[in-house]
Every structure is written in C-alpha cells, then in structure tokens.
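Engineer: Once you've had a glance at the structure underneath, I'll fire off some questions.
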Amino acid sequence: MNDKTELNVISKRVSDKQYFKEVSHNNTGETSLISSVNLAYKNKEQNLKASIFAESEQLVGDNNDAEYRRAPEISINKKVVGLNGREVNFSIISTQFKHKTKGANETGIRTHAQATFGRDIKTNAYSLQPKFEISKTKYVMDDKTKKTVPSIALVLTLSCFLKEILVYLVKV
C-alpha cells in the first residue's frame, strides 16, 4: 500500500469437510485450514505500530465440527524513549472471538493492556537491562462471564562481554 502500511491476505477454504479425501485425493492428513487478513501500520519515526487482524480456522476431515474465529483483533503499540536510554512501551490488544465446539458456542472479547518500563545500562564490561512490566487482561464471555487477570513482572538481563573482561585481566 505504502511504506508504512502493509496488507496481507491468506485464504484457505474448502466447500466440504471431506474435500481432501473425496475430491482432491491428496493432503488427506490435513486437519485445519487457516485464513487471515492483516492490515498493519508501522511508523518508525513516531515509534507507533497498529494493526487490524482477522483469522478463521476451518477444520476438515472426520468428526471436525469445531471452528475458531478472531475478528477483529485490533492492536496499538507506542514506544516512548526518554533520557539515558529509558523506554516506556504501551500496548493494547482487543480481540473479539468465537469458538464453536460440539455442544458449545463461546463468543467473547479479550482485552490485554500492558506497560513496560525499561532501561539499558552499558559499560565496556557488561550490559544490564532491567524491565518492569505491568499488564491486565480482561475477558468478557457471552455477555455473562467476566474475568480480569492482572500481572506484574520484573525482568533483569545481564550480559558480560568476556573479551573485554579478559583484556582487563591481562592489563592488571
């Protein structure tokens, strides 16, 4: 579309669940076909990403009456860069879904919001990357069941540059 927007379409569908077995006589082990559409926007200058995604799974073969559909899934991600390598990354993803199985038909909306705070600390000998992440996922199922799952994580990544350490050991 343009240098910041991309559209991907994948379509895999058959008219009959027994198509591979009865019509084409190949791929008889195929159990699912996934079709999807994704419209993505990425602006590197503004550290902004957004997408609209839809996916549908068609199960084929014997005794496969289930189906799964995500439509639409909307995501937005914004990164803010501060002083001394500090970064804050905000993201939100909202997905409307339908999961059909024998005897059950579940529909709902899943919304996940997350904020990640991080900073890279680098020297000649090591790199330290502390990150603090807070997120919340909310499920609303069939307009009756609601569930909220909060999460907090602290991640610390330490990398040592062995070559640099050896050089310092030799100099002493």
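Cβ atoms here come from the backbone N, Cα and C positions, even for glycine.
Curation plays no part in TrEMBL annotations; they are all automatic predictions.
So TrEMBL has the following annotated:
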DOMAIN    2-146  domain 'LptD C-terminal'
TRANSMEM  148-170  transmembrane segment
Engineer: What are the DSSP helix/strand/coil residue counts across the domain 'LptD C-terminal' (2-146)?
Structural biologist: 9 helix, 97 strand, 39 coil
Engineer: Mind looking up the mean pLDDT for the domain 'LptD C-terminal' (2-146) in the predicted model?
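Structural biologist: Mean pLDDT across the domain 'LptD C-terminal' (2-146) comes out at 83.
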